[in-house]
Each structure stands twice: as C-alpha cells, then as structure tokens.
C-alpha cells in the first residue's frame, strides 16, 4: 500500500474533497440505495457474458436470509443493528461513529457441527464504535434485539478509519490559510492540488489522546497521476475529531515539483502503440459452461473442493470450511477452517520529516475490503468469471455495496497437472506419452489502498494444493528532489534511485501476514519441522562423502514453531493430524511451501517495527486457536503501540502439540524502485503453497480423464490473422 491519503485508503479516495463531498450527498451514493435486507450479491460482470448456466443465479429476493452460520451480515441485519444501537441508552444523546461492523461468528465447535438444513445459530454482530474519543466494542444479538456485551477499550490504538474521517481531515487541511501560501510559492493555487491523508503510525506521547492524520499535497495539473508530482516537504498534522491543524511544516519550497510529462497511464485510442508486435485477444472458452457452482450466495463447489467464500471489510476476502474430497473413498475431508490476510505492513525507508512516519498497516488502518474497487472485466478477471459484491457499513451505521469486489473463475494456461513420456527399449521401442491438463479455480479480490494496488488470489488445484498469491501494482510514492540526473549526485548511496526527473522512488517493504486456521482431518493438529541435515558417509563404504537426511522435530510450544528461513538450514514445515494415519503409517498432513520472500531489517525497537512485530519471524508462527486472536497487528491498529500483536500473544509460549492450532505465514517484498516502475508499476507477485503430504493414499488425480480434440469446439483464426 503506499498509503495515500486516508482519502486514498478508501476506494473513492483518489477524488478531491469537493468530489468526495458530492459523493456523500449525492442521490447516487450507494448508501442511499439500500433500504431493505439482502445478501452479498453474486453475478456476472456488466458486459455481454458467456452463458454461465451451471452457476446458481443470485437470489431473486433481496431480503433472503443467511443460509450458513458464516454468511456475512445482510442489509436487513445491518439496518437492525443500527436500530438497536439507536435506542441503546449509552448512545441516546449522541449516536457513535460506526468504525466497523461484522458478523460475530458462532463458536467454532457450533459451526463444525452444523449441517446444511440445520437451523442457523443465533446471529450476532460485532461493532467497533467511537464516541467521546473512546473505542466501544459491542456484541449485538440480532434475535433478542439487545446489546449482549459492551466494553470500552483500555489499550492503545484506535479502530479503522472511515471515509468520513478521511473527508474531515482533508477538508480541514485544504482550508488552512498557510496551505494557500505554500501553493502560491510553487506557482499553484489550492484548486490545483490533490491532498491525501496517510496514517501517522505512532511515535511517542505527543500523539496520545487524539486521532491524527498527516495530510500531503500534490499537483494535479495536467495529469490524473498526481502521485508523481508531490509538493515535497509539505506536511500537515490534523486532529481528525477536532478538525484542527495541529502542525504545519513546509521544508521543501526550494524543491521543484516533478513534471507532468509521461505521467498519464490511461489508455486512449490515439496513444502511441508500444514498440512490439500486437498480441491478439485471448479468452478461455467453456462451451459447456463453468464447472463450479455458487449456491446460497457463498458456498463454492468445484471438482473435489468445497468452501465458503465471503467479502470482509477489513480482511477483504475470507475462505472458510475448506474441504477436499478423497479420491479413494469420496469422503469430504477438512483442510482449513478459515484463511485470510490478517495484516499488511508497508514501511518506507526515509528518515526525513515528511517521510519517517510512513509505515502503514493497511488492513487494520483502512481495511482491504473497504478499499476494494470494482474489478475490471476482461482485464482484472477473464471472460468466464463470476462476481460477488460486498456489503459493508458506513460511519452512520448504514449499509453500502462494494460491487464486483470478488471474482471467481477457472484458469487454464496450457500447463500439465502431471505428465510422463518414455521410449521403452525393452518393449521394442514402444512410445508412452501421458499428460493431464491443469485446470484450477481462482478466487480473487483487489484492494486499491491509495497509490498501491494489491491483488489476492486463492487458487485451488485438483491435486489438493492451494496456492496463495499476492500481486503488487499501482503507483510509487515518490519524493521530490532538485536532481534530474544521477550524474548530479556526488554520493549516490545517500539518495534513493531516480525514477524520473526530480522524482526519487523511495525504497520500501511490503509484508502480508496470513491467518491460516488449519484443520487437517479435524481440529487437533501438530506442527512438525522436517530438517534436512547433512550426513557424512562412512569412509570406504561407497565413494559418496555426504548426503541429506530428513529429521523430524515436533513443535511442542509456540517458541518451537517460530521459523526463520535460511537456504543453508533447509526444512519442510508440516501441519499433521497425529490421529489420522495413512495405510503406510504416515500422519495425514499439509505442508507450507514458501516462495520468494523477504525479512524485515528494521531494528526491533524502532516504533514501526514494535507495531508490526508479527514480521519478526520470517516466515511462520504457530499459535493455539483463540477466537479473539485474528489480527496480527491487534484489534485496534491505528496509532497503536504494538501491545496487542501476534508477537505479544506468542510470548506466552503456549502448548501447541496435538491442539487446534493457527499457522501464520508472512509474504515479504523488498522494493528498490527503478525507471520501469514509472509512471505505473508492472505487476510483481509472490506466493506460497499449502500442499498435501501423505494426505492422500496416492496421486489423487492419477485417473483424471485426458482432454481430447473432440471435447473442444473447432476454432480457426480469422482471415486477417497470419500463421507462420
């Protein structure tokens, strides 16, 4: 996330304050369009789609009730929560600001015991509200219509920001008289500016007792990509609740605003074509329709997989109750109870006054679902995609829709699921050629957190593997400089890389920590580290001098399961069920397969690292299941001190052997910007896998049917196409 304004952190945040205010007051505002109940809608994109005959259509009745204990709050339920809080005695004088509202999920044991057709457990909502500068944590029972629990937080930190918070901060800043003088000194008026409001982190007692935002400004003249044109050194600190500028600093009046040339990234028919041969459009066609179904709005079934999929205002996309069907017995076997991105930490590596505080925690400060823009059909998602909306809550407690927030589609890229070819000499030169096409199912959402765009993919394979990928694109956060060429810089190590004239691409990191409540064949699991150890060969026995040998180490406590990757200390990381053995006596399990990664290099006592201590391990933590431990950075992240993080919980060193455990995995990126990242970055991605290990009795897709020519429609190139 390159945290842009608070205004950036909410999907509409790239807009100027007048447009934001227009949106809030406009009859087209989605907040004004929801008067009844309803579920998260699912549908195809708004363009002529392929027939999706095997996908269940969205509910015809917008007031349809939840069908699953994990279904998100409906529009009707959100209205009911607001009504209950409006008549709640502590809020009679002033209705609080609703910072977040979500389903308070039933106890895990009740969900695991629930079957389709059973009565839905009592529906409850969890609300975080702000009133009189206090964070109120409330549980509301929708059946009884009463507030069941009400706690005022005594720890550090505030809830997620709302759009109203963002508008208030930016509006306060742009009306501040000194801003006009600073703009004029650069040859601009306030009307030429786009101002954003990044979160401030936490850096000491001067920031106690008030919610603050830092407001930065950019020139929007001649380009929609104002991020490339900063007013360097200009920072306003705003008290969000009092709507007051606490500090105004402008140390960069001698630094030119980077130019607008080549900053516009939009497609226009008259644009100069790229210097490459044209690529013809590509689309995966499904003449018999897709192979997956979405029933009751959220239950996905595909091939041998079944899982619950829902949008979430903070986490973005949540998968739950993930089961895979056994290829031998046909039985549905559990793999994971719940998985989602828990926190996203982005620290910038510049200690200047206008940069030191940029150390964002996007999920807890702005919400990955709250910042999700509608996915772009045919570009974000392919033609055969199915779309799902999110229904979230604004500060006044009213529901609003994040449309086309999640897409679901089958992917085929010409890869093989397995193959083997052989020329058997002993059989008279008989040729064996066997291959199976690899088709996967992808659930995708994208969060536009200010200048950065994060795409999250959960990809399910027929062999039981789950691949989780995070892709980064969007705009850099650049720093203005007097230099327009590196030749002007005497000590280049003292300055970040120039990505354009007068624009430095500031070095930064991205860390995404996932919460993975693994339930491999049931809740009670054990974490096993399989170390690959070099063994010396007995001299004279054979010519070999050394070899590798796997040695299993069962983690008994949380300390045993803290993993830091090392190429020269290789290991595999298994989550196994010691009570479920294969026919060969191996415990049923899944292993975590790390991909490309990075570790935080910040000092552990650095304030940003105190708040993001969940990145101190690279890449794994394991904790016992605790329904209150969902967010790696803590429940209340905004301006927190780091006193409620995964690191703090794990210091209790609880027992984890043969327990219901949660695995936490962190993907990491170091980003040293370069010219190719200007003016918009090509996508870079990293992933990890959850792979079955002794879970199946043999290759689960051994008997998969090959694809034959007659299975596919006859497609021929158009006459204008040339085949060489």
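From the backbone N, Cα and C atoms, a Cβ is placed for every residue, glycine too.
Bear in mind that the values here come from a model prediction, so they are computed numbers and not experimental data.
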Range annotated as region 'Disordered' in TrEMBL, from 3-37, 38-72: 38-72
Helix, strand and coil totals (DSSP H, G, I; E, B; other) for the domain 'Copper amine oxidase N3-terminal' (159-258): 30 helix, 26 strand, 44 coil
Confidence summary for the domain 'Copper amine oxidase N3-terminal' (159-258), mean pLDDT rounded: 95
Surrounding CB atoms that lie within 10 Å of the CB of residue 452 (active site, schiff-base intermediate with substrate), all protein chains: 28
